[in-house]
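A.B. asks: A single structure is presented below for examination.
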Ligand code: ADP
Ligand code: MG
Ligand code: MG
């Protein structure tokens with residue numbers, strides 16, 4: 001007979017997890033290592049998938065195998081399902097391959113009916129206990145199998161407690177429970193039109209089916225979506241002899257972790273309840289006791305449990321989450337799995353286990369999920385604080401911040417210069433608000449999504465941000481925000497938690513991100529194994545210094561447009577753009593030059609001689625000018641005011657005309673990047689001169705530099721060829737002026753499909769390629785990111801038309817193919833070509849794995865993601881992602 005449907009615990013083991021699910025595999029493993037586990041068998045995930053195909057019923061083969069396994073279980077326990085003398089009771093428990101705690105269903109005390117309950121009372125000499133089990137069974141079976149909501153039954157229990165003037169379940173007596181059971185049965189009859197099923201085999205088959213079905217309930221689906229667990233795995237079902245924690249004061253049930261899942265500290269961490277069954281601990285009916293008090297109440301059991309917990313941890317070589325039950329002083333184990341934990345705990349436990357000699361470094365590196373590290377690297381709210389939450393928005397950038405409410409960017413900047421902490425609150429933000437974002441502790445917007453400007457910028461800066469918080473009404477005139485009846489004025493204190501999206505009234509206590517000793521150690525181990533270099537995206541010395549502290553080995557992308565956006569420079573940048581003559585433009589640029597030089601010098605110094613890739617100006621010029629609609633409104637207003645200064649009016653009109661000429665139908669594909677550099681050579685010439693002058697000053701002061709000049713948006717080799725020639729000319733000029741030979745390289749972004757396709761030609765002119773995978777994704781898919789994410793992309797992902805959002809997880813099949821092709825073609829021409837990736841993908845785990853496999857030299861990401869990237873790069877080199885329990 002085939003063994004695919006049902007497998008007894010004593011034949012199961014850890015490596016059969018795909019077939020038995022996590023719970024079943026571990027029950028098997030524990031049974032085989034001689035631990036006290038109540039016997040039982042597992043109905044496999046394969047049986048579950050077959051059941052889905054077999055149109056809602058168990059196959060006769062499956063029923064037969066279940067019956068055979070049950071007979072063996074009866075022999076082993078000396079009891080029989082449905083017998084009144086020696087009734088066997090079982091639990092029917094869900095258990096998927098990846099643990100989904102509490103998401104699916106379980107039925108306890110199955111096998112009870114009007115006859116067997118009498119046998120159970122006789123056998124245990126405890127009538128109260130037997131009726132307590134029966135009512136629990138009716139309640140759970142009705143909920144899970146018959147779909148009758150729980151509260152229908154809880155009400156009846158409350159009614160009885162009222163009648164008898166008792167407050168806790170344990171005070172109800174056998175006659176009370178009998179009364180309750182009668183009423184329960186009536187509810188079942190009303191709701192289903194049938195009597196409560198009395199045949200134990202029918203009970204069993206129906207429970208198995210219901211547990212199979214619970215794989216598809218709403219909360220399980222949502223859980224799988226969040227944790228990227230495939231929908232088509234199905235669940236196993238475990239049928240297990242019951243043990244009873246509700247047999248009196250010498251019985252109980254509990255859950256414990258072998259180490260703290262919150263801090264990782266090596267102490268037993270858990271709770272238990274005396275005289276209770278498993279689900280009572282989590283249901284909150286009574287407040288459980290901390291596990292440490294079990295030491296006084298049941299010293300021997302506690303000793304034994306502690307010993308077993310340690311043994312299980314040694315066996316699995318990881319922190320375990322263990323369920324246990326004590327029946328009349330005897331300890332039973334009901335489940336073990338590797339425990340879910342915070343990032344702090346994950347890091348500490350992994351490093352501690354290495355130091356205890358339990359696991360090696362490689363294993364430790366695989367144990368921590370890089371994505372989870374986000375939690376550690378941002379300021380967060382003290383978990384013990386009481387919070388007054390007034391609204392909830394999209395958790396756009398993790399971390400927490402408190403400050404005074406400010407409604408515009410200028411004021412944010414002013415207030416912060418005065419030493420105040422501010423939270424910038426806007427309907428939405430635009431690039432012109434950048435100085436306000438920089439000056440604030442965090443950003444809250446009422447419009448816009450997870451990739452809105454505010455969100456992207458805030459994440460890039462590691463600043464907390466909540467977007468699209470539509471519940472709050474922002475009144476920019478009155479300078480108030482309102483949520484229901486709460487009204488807050490400018491200057492009042494507000495806090496945001498960008499990890500949860502919670503908007504909180506008042507100041508909350510924050511704790512700093514800390515690179516604990518363990519964390520530093522783990523990252524140093526990661527450095528030993530990874531092949532990829534890790535660089536950072538940084539536009540200013542502070543970010544660069546932060547990234548260096550987090551272990552960055554260079555700057556992979558220094559965007560120069562943010563420098564142009566700074567408040568005191570915007571007028572200069574504008575006069576450069578608006579210049580009527582070549583001289584006017586040159587003059588504006590000459591005034592920008594020393595400022596740019598200082599920018600670059602600051603970054604070179606912060607990076608202490610490590611390579612710095614500087615991208616020449618990329619966005620279209622109109623981004624630095626005021627918005628056309630707003631200008632039109634201003635102008636109209638001025639025209640309608642009788643005593644407007646004619647000169648001011650004239651200036652406005654000129655500005656509007658210029659904005660109109662620069663207006664583009666599709667700026668993303670318009671006059672930007674190297675196209676701008678070729679048409680307005682003086683802009684790049686100024687930037688390149690600033691780079692070389694800054695480098696010369698650093699050399700002069702005895703430092704070292706490694707500038708890498710990056711030309712954006714090249715699509716044809718001739719673009720780069722021409723610009724490279726001009727860069728070399730500037731280098732010569734600077735050399736003759738400063739006498740310093742600056743070591744530098746010239747390379748390009750590969751962010752257009754044509755660039756990837758002709759990478760062999762482009763490589764002839766480039767010392768390095770940096771894949772700009774954000775633009776490459778836009779141009780490969782033909783999506784404009786903001787439009788796609790705002791309109792159809794979520795739908796695409798929900799409908800599984802696309803597996804993931806390609807702007808978050810690199811599309812390896814399409815965009816990735818272009819990357820690999822670019823690397824390979826480029827190296828054909830120039831074997832020493834340096835290759836990297838910059839942009840958000842450079843800080844994303846799966847994309848980093850891909851970069852490793854494609855043979856890139858480095859990834860570059862925002863400073864706060866550098867530690868994550870170090871770890872992910874090590875995992876890529878070790879050839880396996882995080883271990884799942
Ligand atoms: P979950 O996956 O939601 O934890 P479980 O299948 O582990 O669901 O069961 C729910 C509760 O019932 C747990 O507390 C468990 O320990 C308890 N339980 C399960 N099977 C038995 C059994 N055979 N005897 C006693 N308690 C059990
Ligand atoms: Mg459990
Ligand atoms: Mg780009």
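Note: Cβ is positioned from N, Cα and C throughout, glycine not excepted.
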A.B. asks: What range among 713-740, 741-768, 769-796, 797-824 does TrEMBL record as coiled coil?
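C.D. replies: Checking TrEMBL against the ranges 713-740, 741-768, 769-796, 797-824, the coiled coil one is 713-740.
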A.B. asks: Which one, 615, 675, 827, is listed by TrEMBL in the same substrate site as 559, 751, 772, 773, 774, 775?
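C.D. replies: When TrEMBL describes the substrate site, the candidate it includes is 615.
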A.B. asks: By a 10 A CB contact count over all chains shown, which of the binding-site residues listed here is most packed: 751, 775?
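C.D. replies: Ranked by Cβ atoms within 10 Å, first place goes to 751.
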A.B. asks: Under the DSSP assignment, what numbers of helix, strand and coil residues are found in the domain 'PEP-utilising enzyme mobile' (420-501)?
C.D. replies: 18 helix, 28 strand, 36 coil
A.B. asks: Counting Cβ pairs under 8 Å to the domain 'PEP-utilising enzyme C-terminal' (516-876), which of 61-295, 303-353, 420-501 comes out on top?
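C.D. replies: Against the domain 'PEP-utilising enzyme C-terminal' (516-876), the leading stretch is 420-501.
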A.B. asks: If you skip the near sequence neighbours and keep only those at least six away, which residues in the chain come within under 8 angstroms of residue 774 (substrate binding site), Cβ to Cβ?
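C.D. replies: Those within reach of residue 774 (substrate binding site), by Cβ under 8 Å and sequence separation of 6 or more, are 751, 785, 807, 839, 840, 841.
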A.B. asks: Give me the count of other Cβ atoms within 10 A of the Cβ belonging to residue 615 (substrate binding site).
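C.D. replies: Residue 615 (substrate binding site): 27 neighbouring Cβ atoms within 10 Å.
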A.B. asks: Out of these binding-site residues, 559, 772, 773, which one has the fewest other C-beta atoms within 10 Å of its own C-beta?
C.D. replies: 559
A.B. asks: Quick check: with 559, 615, 751, 772, 773, 774, 775 left out, which same-chain residues have Cβ atoms within 8 Å of the centroid of the substrate site Cβ atoms?
C.D. replies: 557, 618, 712, 749, 770, 771, 776, 838, 839
A.B. asks: If you check the binding-site residues 751, 772, 773, 775 one by one, which have a CB less than 6 Å away from any atom of ligand 3?
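C.D. replies: The binding-site residues passing the 6 Å Cβ test are 751, 772, 775.
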